């Protein structure tokens, strides 16, 4: 890591021995270990240990779960919130497990589209609901800081499975719950 940063500092014309930079490689390594800890965790294990047999057959919604991730194209952050709705079949998930699932996938190099899809697919595979929907809204610093430089753009992505994909009324109910 130190060699990487020595080369980086040299390439941008910075003095690697400057007081403020002396411990930067170590600090960045610690930060990266935290930001990308999702590679060391299995999202399926997180869900498998957090569900229980349920009696609810109505829609359950977890709304505005904050996240941040890193764009794999420019290594800049993107951040926002994710809302997940599902209609149980037999399993109900602990609400904190939804946040954990989002955290595991977001703490990896990502693109928003894949993040949204991975959350929906893993949830669908492990919980086996009658339907699941994931809506992700995010701001991308790669879009704000370089290129088109649009600071207020919000990107929205969705992934739908089961009843949410097949039934427009189910989708509409979810969207109405998000508004209320």
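Numbers run from 1 along the shown chain.
Glycine too: its Cβ is placed from the backbone N, Cα and C atoms.
Since we're looking at a predicted model, the values are computed, not measured.
Record features, source Swiss-Prot:
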type: BINDING; residues: 71, 74, 142; note: Zn(2+) binding site
**Complete:** Simplified DSSP label at residue 74 (Zn(2+) binding site) comes out coil
**Message:** Are there any residues at least 6 positions away along the chain from residue 142 (Zn(2+) binding site) with a Cβ closer than 8 Å to its Cβ? List them or say none.
**Reply:** 71, 73, 74, 76, 78
**Asked** Within 8 Å of the Cβ centre of 71, 74, 142, which other residues of the chain have their Cβ, at the recorded Zn(2+) site?
**Response** 70, 72, 73, 75, 76, 78, 140, 141, 143, 146
**Request:** Please report the number of other Cβ atoms within 10 Å of the Cβ of residue 74 (Zn(2+) binding site).
**Result:** 15
